[in-house]
Amino acid sequence: MPESRCLQGIWSSPWIFIFAASGSAVGLGNIWKFPYVLGENGGGAFLVVYCLCLLLVGLPVLIAEVALGRTVRSNPIDTVNDLSERRIVHPAWVLVPWLAGITGFLILTFYSVIAGWSIAYLDRAITGGFDNITQVGASSMFNELLATPSEMLLWHSVFMVLVVLTVGQSVTRGLSAVVRILLPVLVVTLLLLACYSMMIGNMSEALNFMFRWSWQNITFDVVLAAVGLALFSLSVGMGAMFAYGAYMSKRMSIARACSIVVGVDLLVALLAGLVIFPLVFSFDIDVQAGSSLTFVSLPIIFGNLLGGQFFAGVFFLLLVVAALTSAISMLELFVAWLHEKFYIARLKAALLMGMAVWFVGIAVLLSLNHWDSKLMFGLNLFELLDKFTSLILLPVGAILLSVLVAWFIPRPMLQNEMITKQANHFQWWYKTLKYISIPAMIVITLAGWIGV
Ligand code: TRP
């Protein structure tokens, strides 16, 4: 008997899920965000906490999302609606997928602006804009970009058009071909760049910074940042992986597939760190520079490297594609829902959502220059959205989703999904989710908020 499938189709081979989910996970979060959050939070200590968060929180929550998606083969909103109609869960749970969808939407509004910076840098890279650039030159190039809303608007719009066109297609068809080639190329390019960066930069200080453990550096803020980044980087807490799970073949073990995704995600983040930090230390760039870290340090390597123009072009092109494969997963929840519930064509649904994101994105990019007023807690709109989504919405979404799966969805439903002929990871996963991931997320999130 053919297996049941979702209206959006099914991945053409079991392995494609791994590529698609890794495509969603690997994005600006790994290459842009991971190094700067590591820098802001003191290096090695953060890395250890981050790995623990990936294993004990990220992985179980990822499995929970994917398993629920595959069990019901529908979009998150209809799924919870259906469960509540069948009186399996309370109707109030319907708020959770809505919250998840809104989180994705909000993340995309600033994600697209940063992806726009990547396109702007791709443009500079191919036109030789980094040639012999100095550190001062690189900083002012980035600051100039932030001060020019018209250019940011152009690239933000280009990126959103790409997102809409890609999400408008069926993800189960278009995406897989791209990701299958992209991911290996990305890893190899990063590896080459990391070797080069360690050769010309200050390798020992970078390794010392990234891998040296020290207790004093661990505070609740660090732990909260690590949980937030782990969830962000694995794309969990907002239903994107839920949707991808719905298109996954039954032949694949969920636990195994998700472990591979976590491994790839961590590998790419570490490689990005190894590219950036040797330069940061040898050029005396402030490790705490925040969101500008990547965009200031990378042009310096490329501008002073033999064949740098070529490498720069490849690198920023990959960054844009990696951002694109992540961005589409943020819109997938609402697009799949509009398509399944109201029979709106995918392209139309994508256009509708994309336009809304584009509008809010304009306010976000203006908050970096003309409207650079501190809205709350001394943060502008851009910073506020970044912090609000990764420190509040994602953890809350992930907690609620995990509680739903661990405590309210009937156990046999999940057990069927997790126990395959080849593997039985159910008990291990179920207990970790219930007794480690959920309590840890609750304690860490609350403690982070009240500023322990
Ligand atoms: N994981 C992506 C990155 O690292 C970002 C992303 C894609 C995401 N989909 C998401 C983050 C869903 C949170 C939720 O860049």
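Note that Cβ sites are derived from N, Cα and C of the backbone, with glycine treated the same way.
The transmembrane segment annotation in TrEMBL covers 12-32, 44-68, 88-114, 152-169, 181-202, 222-247, 259-281, 310-337, 349-368, 388-409, 429-450.
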**Q.** Residues from the same chain, set at least six apart from the ends of the transmembrane segment (388-409), whose C-beta lies under 8 A from its own
**A.** 57, 60-61, 64-65, 67-68, 71, 80, 83, 88-89, 93, 96, 99-100, 102-103, 106-107, 224-225, 227-229, 231-232, 236-239, 242, 430, 433-434, 437-438, 441-442, 444-445, 448-449
Q: Go through the chain and flag residues at least 6 beyond the ends of the transmembrane segment (429-450) whose CB is under 8 A from any CB in it; none is fine as an answer.
A: 56-57, 60-61, 63-64, 220-221, 223-224, 227, 255, 391-392, 395-396, 398-399, 402-403, 405-407, 411, 414, 418
**Q.** Distal contacts, the transmembrane segment (44-68) - CB-CB under 8 A, six or more residues away
**A.** 21, 37-38, 79, 208-218, 222-223, 225-227, 229-231, 233-234, 236-237, 239, 241-242, 244-245, 248, 254-255, 257-259, 261-262, 265-266, 398, 401-402, 404-406, 409, 414, 417-418, 429, 432-433, 436-437, 440-441
**Q.** Proximity of the transmembrane segment (152-169) to the transmembrane segment (310-337), 3+ C-beta pairs under 8 angstroms
**A.** yes
Q.
Applying the under-8 angstroms CB criterion, which one of 12-32, 88-114, 181-202, 259-281, 349-368 scores highest with the transmembrane segment (310-337)?
A. 12-32
Q. For the transmembrane segment (259-281) and the transmembrane segment (12-32), does the number of C-beta pairs under 8 Å, pairs 6 or more apart in sequence, reach 3 or more?
A. yes
Q | Tertiary contacts of the transmembrane segment (88-114), as residues 6+ beyond its ends and Cβ separation under 8 Å | A | 27-28, 32, 75-77, 79-81, 152, 156, 159-160, 163, 232, 237-240, 242, 291, 323, 326-327, 329-331, 333-334, 337, 353, 356-358, 360-361, 364-365, 368, 382, 385-386, 388-389, 393-394, 396-397, 400-401, 404, 408-410
